[in-house]
Amino acid sequence: MAGLGGGLAAFGRCTHAVVRALPESLCRQALRSVAGPEVDFARAEREYQLYVGVLRGKLGLQVLELPADESLPDCVFVEDVAVVCEETALLTRPGAPSRRKEVEAMKRALESLNLNIVEMVDENATLDGGDVLFTGREFFVGLSRRTNQRGAEILADTFKDYAVSTVPVHDSLHLKSFCSMAGPNLIAIGSSEAAQKALKTMQQMSDHRYDKLTVPDDAAANCIYLNVPSKGHVLLHRAPEEFPDSAKVFEKLKDHMLIPIAATELAKVDGSLTCCSVLINKASE
């Protein structure tokens, strides 16, 4: 969810979501950090449709669905190719060269929403949106296998109203492989040593004190918080059948409308909940 913005009062507010359909090439050709079982395409498709259905049907967002591209097996993971904050969209330069053409369709979609588009053209820069955590107050950018210092600098130049701090990411693909915002001022964080170390770095870098929600499973710490006018605090989180212990932790959030969503198949190729959408809060025209 590399989007949202407009000050703390608007944190989590969202009017539009950009998503992208799954190509069948995902099953055999998508990048993955560890070898494992092949993706079941039919099941992945069902999980994806449920996800999009929640955004569109349950939460009332205007969903722009881009077509799948069989030549881009990772294209469903739209979060990595754009960071949107308020009316500005930074088109990234993904760390994996095979993913760089994914930016083209995203650019057209964001132009159709009349956002201010900034393109990352520096060939020394890499940035994946999965490494960008926006808290409503500031940005944390993971320095990972996919994102480098130059990418973080360009993000800081693009969003000058916000502080930007970098966080080393080890043993995970992205910063948001083990953390996300679970509410205003609330960071969901995994229990692994790497996740806790990254949280400590974020705490040291920030002038602000965040609340934290620690879940047993790193992958479950990737959730989507939305502030929906008719529904209040909404949290999309990984399903209890996937991570029962983490789901129990989310159930403690009594002020939130909790929506469990399975991502079993996309998780096989390093996917998570935030990966599959770019969320945008468009001011009323």
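The backbone N, Cα and C atoms fix where each Cβ goes, glycine too.
Note that the structure is a prediction, hence the values are computed from the model and not measured.
Record features (TrEMBL):
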type     : residues                                          : note
ACT_SITE : His174                                            : active site, proton donor
ACT_SITE : Cys275                                            : active site, nucleophile
BINDING  : Leu31, Asp74, Glu79, Asp80, Arg99, Arg146, Val269 : substrate binding site
Arg99 (substrate binding site): tally of other CB atoms within 10 A of its CB: 21
Greatest C-beta neighbour count within 10 angstroms, which of the recorded positions Arg146, His174: His174
Residue among the binding-site residues Asp74, Asp80 whose Cβ has the most other Cβ atoms within 10 Å: Asp80
Arg99 (substrate binding site) versus Cys275 (active site, nucleophile) - Cα distance in angstrom: 14
Neighbours of Leu31, Asp74, Glu79, Asp80, Arg99, Arg146, Val269 excl. site residues, C-beta within 8 Å of centre, substrate: Ala30, Phe77, Pro94, Ala96, Asp128, Gly130, Asp270, Cys275
Rounded distance in angstrom between the Cα atoms of Glu79 (substrate binding site) and His174 (active site, proton donor): 12
Rounded inter-Cα distance in Å - the residue listed as 'active site, proton donor', Arg146 (substrate binding site): 8
Those recorded positions listed as Leu31, Cys275, and which of them has the most Cβ atoms within 10 Å of its own Cβ: Cys275
